[in-house]
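**Q** Here you go, one structure.
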């Protein structure tokens, strides 16, 4: 149960980096502010790499949960959205690295999809914590 309690504590850092990174990057591009766009790129990359330990802790936490029947659909959606988040940002970063300036539309498409995937992941995770009490003192095994 340790990892299930740790996951909600550490997940907000990469989520914040990814959300702010996408918003900064798009705003910087539209407003032609290179500094803001560069900050966005940095946040997206740092958030992507910080997501892996959080993903691992969340997976270990999921394995320690019992009596998941009442929130199984939320857990499945949370896990699917988390995989989607990693996949979308991975594809975006691969395009950015190997595309060498080409495929910019594809890059922006994937970071926007990643943004919505992060938000969906957070929604389903928040529902598990606040509606079902997962990893809180109110959680009944």
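Each residue, glycine too, has its Cβ placed from N, Cα and C.
The annotation domain 'DUF2231' is assigned in TrEMBL to 6-136. The transmembrane segment annotation in TrEMBL covers 6-26, 46-65, 77-98, 105-125.
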**Q** Going along the chain, which residues at least six beyond the ends of the transmembrane segment (77-98) come within the CB cut-off of under 8 Å?
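**A** Sequence-distant neighbours of the transmembrane segment (77-98): 18, 41, 44-45, 47-48, 51-52, 55, 58, 62, 106-107, 110-111, 113-114, 117-118, 120-121, 124-125, 128.
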**Q** Is it possible to list how many residues within the domain 'DUF2231' (6-136) are helical, extended or coil according to DSSP?
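**A** The domain 'DUF2231' (6-136) comes out at 113 helix, 0 strand, 18 coil.
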